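Lifted from TrEMBL, the feature list:
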BINDING   C:8, C:9, C:39, C:91  divalent metal cation binding site
DOMAIN    C:3-183  domain 'Survival protein SurE-like phosphatase/nucleotidase'
């Protein structure tokens, strides 16, 4: 098996190193990751200027672009052999609920799917980042059992792992994304010249976080596995829109 | 009605001006848009540093951030009154098929939805940008007839308008996103110092572009209206993942 | 006469428009300026990726780069005819004393000089920007009388104009750069996540600002004109360094 | 002695590591360097948003800003104790002749001088970067013999070291900056969408590179030491400008 590994925390992030070390036990691993922390980059793709890829001392490629750029570049020309699967992570911090839309980790996996490959995003649900090893073990176990080719072609797996020792995991759970309340207000402050500047405020509190959601699984120390679309069409609303357009 | 208008081409873009001019006939319009072209920004949100908002001579706010930043900032603190709806556009160029995931225009609408508001992304399907007026008229007509509150809470509308005079429109069609073949390879070239650099290659050719898709509608001069999720959970795959996890 | 006009406040800045309007009365004027505010860019030159130049509705070129990039690009290939002189400005705010080293306006002029042309940087010494017209009139008067070719080849003129009506100017004065006390400490604050961030503090107070300095001239409503090197060699220290190296 | 060490190639650059290793033998060393390669940043200073400083595993601080930002932040608040001297380098590649104005390495040293400290910029004159150790030894030797306090207050030393083994150095030479011919034209090419983009062209060939210049010293395997102003006033042109202003 040949794995393309990327992330959004940058090629020097400990979560990336930890996962790379685990994966080389079972596969050929190519690492192509951003030069610096690009958390929050979402699916942004660089079209305005060309990208550079350099090889670090440890054999990882680093690219002056987004996570999406890294995966795109790797698969469409940088690597000599196409990977069998794309894995993004281990992200430092959870990617749960509504927040996945902003995530560079999830975006890296999505880009793999767009380019025809099975893809998994792996996040460690704890800013402390104490137990990357747990997430690495979980990923190995998923890879061992997973038949990625059996997943629908436009689906990726969003895996969140509790930040606890592996023996304290409660199990695995298939989940849906939970939801948050509206974000907190922006924080208005001033620069030293007295001009107003605005920090994006904190995410809203969890509002839909009961059993079945990824929030709930993590809170109870389950590994949360959420299948995500890469086709954004809301098929169930098509009839409603059609009906409504007939009146225009 | 109070409308928040944004885009990803920047606050000086002709498509934005054209739509603002049309909308003020029917609503209070606040414009908050990026300082410069941020096409391809997707849903990226700026968390690493604070944002600035300035008011241009024409009353538009411009922000040194992404489209998502603009909508987030506007709704969570910059504007005195909350809007009733968020409209993003008129984008110069189509946002069809797989490409919507990269779009800053679609992301601006999504951010509105995350913050609790109905939202529409409007794009003119032609790089020439000859008929923004057509897209503006279409938007007015949708607003007149649309009961946005009747759409599911986690849905936005992705509207693409053919770049033709309004009288040449063939009608309106509810569509699903089409799909493209895998993207073209990156284009490897050199900088003047002989170092390799890589341009992201062209999108793949249309592969799933038959009747019912947005590609097909536009090709036939229909206004294409695609309902999009903002909840990325692939519900139909949940059982499959659950079954599969029982074996782990 | 053919003038290349640039600035660091961006191609939409009122100071640029005001000066362009004045200069077209006496010369062919090409404007090539940054896409957005690049104050503080100093002489930075973009080598890592290619630049784009677009033409705005008013005929100004705007470039996605620094002031130095703009002048470099204009002279080495963008413009069909080489200019006779490079003018940068009118900057909103003074460029006096030690601060000139950070200035994108001064850097734009320097780049002109490096490329073989006489060059002038023009700044309005007042953040209010009330009297750009005064600085425009001053520039015209300098151009009328100036024989730029008579200046030494490695010299540019740094012109600061008091922000007062033209009839309140006290005259013209050749000045040296004044000096400031050490800058104020950085301002340590926190982002919304509790992480420390640092704003660069205010410039130091004027310390060497007596008669003969640019600070003094401006304070007394004189137009301050300071000749600046573009050759940074400190010739007067060469003997000292030589003597000292003999002991190594 | 307490040394502040910075650079413009980024905190992971081998030239920085090599010099840090040498300097700790003789002094307390604080390293504060940019997060990524910022070559060509010149003296640009970040005023529009706050900076972040993080500590890497090896004790180096890295900052999401320019070389000038790093030195400014370090001296005006980040470090608990003020350094006695600022050293920037070892840069990968020469900083000779007219190019010093663009250099982030030279700018880092200048910023130290502005803030009241003696300062030295050290560059290895060879892109191969084969002999950083030579430049480190040269720096140690300069520090041993140098009385930086005896240099004029507005002077820094720009040191370029041939990329050869230390035993092949021909000696030390006090030099002036040489000059180049005008830069080569920009290289016009196209992005994949057919839009024109422009690469800044190569520097001009050496034109003033005879005995006494830094170009000449390096070519002959001498360590080149050029004293540079940080006061840009061209004093020798003041009379000329004064005379000329009397006619206005």
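Each residue, glycine too, has its Cβ placed from N, Cα and C.
Positions of TrEMBL features highlighted on the structure.
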residue : record                             : DSSP class
C:8     : divalent metal cation binding site : coil
C:39    : divalent metal cation binding site : coil
C:91    : divalent metal cation binding site : strand
Inset, instruction - For the domain 'Survival protein SurE-like phosphatase/nucleotidase' (C:3-183), provide the mean pLDDT of the predicted model. - result: 95
Legend entry - Fewest-neighbour residue among binding-site residues, criterion Cβ within 10 Å, set C:8, C:9: C:9
Legend entry - Within reach of chain B, those binding-site residues of C:8, C:9, C:91, CB-CB under 8 Å: none
Legend entry - Listed binding-site residues (C:39, C:91), ranked by Cβ neighbours within 10 Å, top entry: C:91
Legend entry - Of C:9, C:39, C:91, chain D-adjacent binding-site residues (C-beta under 8 angstroms): C:39
Inset, instruction - Note the Cβ centroid of C:8, C:9, C:39, C:91, the recorded divalent metal cation site, then list each other residue of that chain whose Cβ lies within 8 Å of it, in sequence. - result: C:7, C:10, C:13, C:15, C:37, C:38, C:67, C:92, C:93, C:103, C:104, C:105
